[in-house]
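Below: the structure, in structure tokens.
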Amino acid sequence: MARVYADVNQNMPRAYWDYDSVNISWGVLENYEVVRKIGRGKYSEVFEGINVVNYQKCVIKVLKPVKKKKIKREIKILQNLAGGPNIVALLDVVRDSQSKTPSLIFEYVNNTEFRTLYPRFNDFDVRYYIFELLKALDFCHSKGIMHRDVKPHNVMIDHENRKLRLIDWGLAEFYHPGTEYNVRVASRYFKGPELLVDFQEYDYSLDMWSLGAMFASMIFRKEPFFHGQSNSDQLVKIAKVLGTDELFDYLDKYEIELDAQYDDILGRFQRKPWHSFINAENQRFVSNEAIDFLDKLLRYDHNERLTAKEAMAHPYFAPVRDEATRARYLAGETIN
């Protein structure tokens, strides 16, 4: 069971989490025009668009044929999270009258692709944006929702305005204690060990592993940090860093049986110290606080990982918290 926010959904009316019963009020398709294609995923094609009524830029996510229930889930989750810190805003839901293909209309974020952007970051930028991402994660977890697909591709950053948005809630799900969830979620490089060993009773802490994998790639300048060629190889790549003895301790604790395919590929590995990943190119991002923070995220045992709220209180973010306090103080000065 999750260490935090375990009973959020059971304390809410059924209509909050029972997405099957959601009623979609469709907007007017003709209010939107496609400008250009900006991306595609497994479940959708994404376009920059324009609202022809008010000439506001927007993002149009055209959903590929998928179960109605999945579409309802994404919409319900976005509605429940509306107005939360750094959560992408769902503006409208429309559908084509002929094909019945639904599209989700979102706020536009002037994103720079992470492979271009992250190398430009300084140490403070990394701290700042990870802190902004933690705000979104703590908020969604506090609302009883796991994102289940945290990765750089789903974190939009408008660097000029220092604005971050967590996007793509298509795999997100409501957390109910004791429920067994599908382990075929998240993207390979960001899958937590629980998914790779087929442990289905996972919780919000899955998102904290994904955040840790993302953070490791940012501070060590190694993208992705765990570079598996398949799901089984992904666990091997993790074990080469965190150690096999530690993996078996985790499996024993939760009485998890490892799939027989691992017999041939796992081997035995000593835990690698985090400092061994430091080199001339990445040392400016790495501090004792950064390593301590990373170490408290990338744990096999999901119950040992920091929660999003605990993470925000970590000393690594002291400069970010100080800056925010200073900004509030200065804003107060200008008002008075």
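Note that Cβ sites are derived from N, Cα and C of the backbone, with glycine treated the same way.
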Ile38, Gly39, Arg40, Gly41, Lys42, Tyr43, Ser44, Glu45, Val46 bind ATP per Swiss-Prot; candidate in Lys61, Lys67 listed for that same site:
Lys61
Neighbour-count leader, CB within 10 A, binding-site residues: Ile38, Val46:
Val46
Length of the line joining the Cα atoms of Lys42 (ATP binding site) and Asp149 (active site, proton acceptor), in Å:
13
Rounded inter-Cα distance in Å - Arg40 (ATP binding site), Asp149 (active site, proton acceptor):
15
Could you please provide the mean pLDDT value for the domain 'Protein kinase' (32-317)?
98
